[in-house]
Amino acid sequence: MTEKKYIVALDQGTTSSRAVVMDHDANIISVSQREFEQIYPKPGWVEHDPMEIWATQSSTLVEVLAKADISADQIAAIGITNQRETTIVWEKETGKPIYNAIVWQCRRTAEICEHLKRDGLEDYIRSNTGLVIDPYFSGTKVKWILDHVEGSRERARRGELLFGTVDTWLIWKMTQGRVHVTDYTNASRTMLFNIHTLDWDDKMLEVLDIPREMLPEVRRSSEVYGQTNIGGKGGTRIPISGIAGDQQAALFGQLCVKEGMAKNTYGTGCFMLMNTGEKAVKSENGLLTTIACGPTGEVNYALEGAVFMAGASIQWLRDEMKLINDAYDSEYFATKVQNTNGVYVVPAFTGLGAPYWDPYARGAIFGLTRGVNANHIIRATLESIAYQTRDVLEAMQADSGIRLHALRVDGGAVANNFLMQFQSDILGTRVERPEVREVTALGAAYLAGLAVGFWQNLDELQEKAVIEREFRPGIETTERNYRYAGWKKAVKRAMAWEEHDE
């Protein structure tokens, strides 16, 4: 019997599919990645081809093993993490999608959402699903597909069609259609799932006219769902034993499994999640209530705040403003000046997300005087990422009544030392940057490994969560509050910029 030395994490993201091999010490042995096409049929619409998602993801799995020179029988288990909310409907018999995947960013269901608001469902949806009414979530996307593909609703009622988020689709394909399953974290992003009863919500299914027959079974984030053969029939059967949506996987990968622990992922946007333990905290401050993973993958709750523009505002400095050649240059130029010279940049290019939720806000630069140069603007843009994070954190502390002691960070922008130091300064809190930056894949691997006994419990992993660097606040409270007050003033003036009819 070959020794099972490794765990594979499949990380199916918005722009690429990745596979990561990890050993028992949580070291990354090899990584394989393939990008796939973004389809934009109309302005504001975003789709993916589900067959291409499957093709890229399955090929990275084969590639990553070949790269590491590892045979399939050395793999103890596979964990899956995925872009959340993205919606796929396919034929049970053939495994063929009846429409492209409708991606989380897609805004085509705005009108359905307006109807839900007009029907007075906001409070029901917030109380029972933990979400706000927005095209972001899967429910209205499923309705759209059933409304627009002829005969599909009847076929779904007859049990001929299946719905799934990306995790469900991948497992269906990996098990040759034997297993139709999702986990609590992904289900909590559909707007069809009751986060208190932990079951599909009959009222939401009725409102959106979605047949229950097409929905997957919902399971814990860490258990064996089925087996997959790597290398076709007769190949080694490997358990698939971990599933979590990408942000929840990152929370678990950062080992934020105790009440009050939080992480912030700095990507295109920012996603901050705080574990609230066994209490589902209803937000009064513009956050989402969502499901997270406890220490053994059981149901915990979390508060989540999404900021639309983080890394994207650095890309704007590079691509549109041409102030830098490379995102990495932003740190160099920002540190060429002592401060922003009174300038604030509000990067509300597509409106503002949490905690404001103002689609009519637009980007702005305030406080310009004759002495302001490009470096001040670069610095102010970086600072805006930290200010927006404080906005979300203040909302979290108000909702949860928990004071944060340290913020764990991950994502591309955490390599920027200036930003991380300023983040600590403006929060007045320690910022902890981990050694391993691949925390989303780590989370999926941990969930899978725990389910099959590859790791006994999280205590084994605690020492693996090495903090590479800790940033501590370096400014006085009065200075911090003065700067943050300036930011609040700037945001207020950027809000409701686009005229709209009441």
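Every residue gets a Cβ built from N, Cα and C, even glycine.
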(message) Record says R84, E85, D246, Q247 bind glycerol. Source is Swiss-Prot. Which of Y40, Y124, Y136, Y225 does it list for that same site?
(response) Y136
(request) Please state which member of G311, G363, G367, G474 Swiss-Prot lists alongside T14, R18, T268, G412, N416 for binding ADP. (result) G311
(message) Is it possible to get the count of other C-beta atoms within 10 angstroms of the C-beta of T268 (ATP binding site)?
(response) 20
(request) Rank the binding-site residues T14, T15, S16, Q247, N416 by the number of other Cβ atoms within 10 Å of each Cβ and report the first-ranked residue. (result) Q247
(message) I need the least crowded one of these binding-site residues (G311, G412), counting other C-beta atoms within 10 angstroms of each C-beta.
(response) G412
